[in-house]
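Have a look at the structure below, then the notes.
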Amino acid sequence: MDMPNLNTTHQFDVIIVGSGGAGLSLALSLPQHFNIAVLAKSTLTEASTFYAQGGVAAVLDETDSIEQHIDDTMIAGAHLCEMDAVKQTVEGGKPSVDFLLRQGVQFTLDEQEQLHLTREGGHSQRRIIHAADATGRAISTTLVQRVQEQQNITIFENFIAIDLITSQKLGLNESNRTLGLYALDEKTQKVHSFLAPFTALACGGAMKAYLYTSNPDIATGDGMAMAYRAGCRVANMEFNQFHPTCLYHPQARSFLITEAMRGEGAYLRLPDGERFMLRFDERAELAPRDIVARAIDYEIKRLGIRHVWLDITHKPAEFVKEHFPTLYARLLELGIDITTDMIPVVPAAHYTCGGVMVDEHSQTDIAGLYAIGETSYTGLHGANRMASNSLLECFVYGMAAAKHIEAHYTADYSSPEVPAWDDSQVTNPDEDVVILQNWDELRATMWNYVGIVRTTKRLERALHRIEMLKREITEYYQDYQVSKNLIELRNLVLVSEMIVRCAMQRKESRGLHFTLDYPELAPELRKTVLIPPNFQVETPLVNE
């Protein structure tokens, strides 16, 4: 159901910010008598889920086991994963697949008409269900269709959440709880108030902080920044995954080459043809992403080249076309026939492993506030996310949040008086070049100083520049009317600061965090936690 009227104050039972797999699985798992709002920053399908090529990891084959999937996840996460979260997620594999099948997602089948399972980096077994090489598109379009059919779900497209409304912010004499949020309607440029006893942040990650990224433009860390400003802790923000194989092509800067291609036998080669991954890890191209990305980065810097090559030309042409139809067609448009030509690839920022701390129900430090998917820190990924575990996490924790909300819902909830958005003290910006300049400087700083390989000096330089940018952006936000670009930049500079501060705390190299000053593993296992100044301790989380 689309947005019904032009009123700028809206009352719901549940507000969901984000329209990817995490947000829509929550919306579809809640009871149909709940009045639900789904806020999409762009169109409903413009979320990271839509662009996911790989699949959903789940133990479905008799040769596989829950224990093996847990072990693979722990190894990929450099043993920093939290066992309770790993167990909950892996055990939720089959229920998640059943949920998706009930919604009508059409996954690829094998010759026996069973779900076809592929293998990706870090997995010891074939356990990735997929829809050819465009799994995210199949999941996203199906869930969007289901949501649009529900009369109890109101969709607000092109609405950008600005900030959460909490009892603490309103000065109410009670423990901190969420009351809703303010959001900008990009079409009318009016700010709306959304009020509800439950709010879920499912807004994806923050990899737009980096100059080169596989993420859509919406990935600006909005949920993480809003939650932190409201009083929620964040954890492990230093662990940012760089996908090893993004297409290197001037006409397709954010185009990902799926991990499944290496899972099906593709090789990584240098310009002289050497299959170089054999020098870095016995698993070669099937090593976890951090190892592969670091190896590519090392060779690019060592040889002074712009990219390496991904080669699947040794496989039969029909095999390649059948397994990777979307990739084959898209690259053919760019003049690359993957059955005969090698693919130029580089690493790019891909996934935020840290996020807003939550418990097993997806609940944050603030009562009534949930974080799901890439926005959250569940403890699943540890120091490195294993391929195709992230979509699984979205569905497991989306359904967990739905159960928790249903159990704590009361029909007689009454919202306190919430003031409308006040922009009487601000003016229209005289020019937007300040935002553009700061945006470019921030992303270049993060790429150059807080990338695949780090040093203490680089992190210090990054923090110095980010603090200056943050002051400028805060001043700009206080003086001028909000816009989409300003909201995103305000969020992204805060999240970038979180990434750097977490990285400075970690005096070791583990998983995705590699620093030349501390190249070894530290003996103790610990997560890095940032505590906001307005944090209240009344609602301790289970996974501390």
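Cβ from N, Cα, C; glycine included.
Positions annotated as domain 'FAD-dependent oxidoreductase 2 FAD-binding' by TrEMBL: 13-391. Per-residue pLDDT, averaged across the domain 'FAD-dependent oxidoreductase 2 FAD-binding' (13-391), gives 94.
Taken from TrEMBL, the feature active site, proton acceptor covers Arg289. Taken residue by residue with DSSP, Arg289 (active site, proton acceptor) is part of a helix.
Among the features that TrEMBL reports, coiled coil is placed at 452-479.
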Query raised in the report: When you measure from the Cβ of Arg289 (active site, proton acceptor), how many other Cβ atoms are you left with inside 10 Å?
Result: 26
**Report entry** Spatial neighbours of the coiled coil (452-479) far in sequence, C-beta under 8 Å, 6+ residues away
**Finding:** 242, 293-294, 297, 347, 426-427, 429, 434-435, 438, 441-442, 445-446, 486, 489-490, 493-494, 496-497, 500-501, 503-504, 513-517
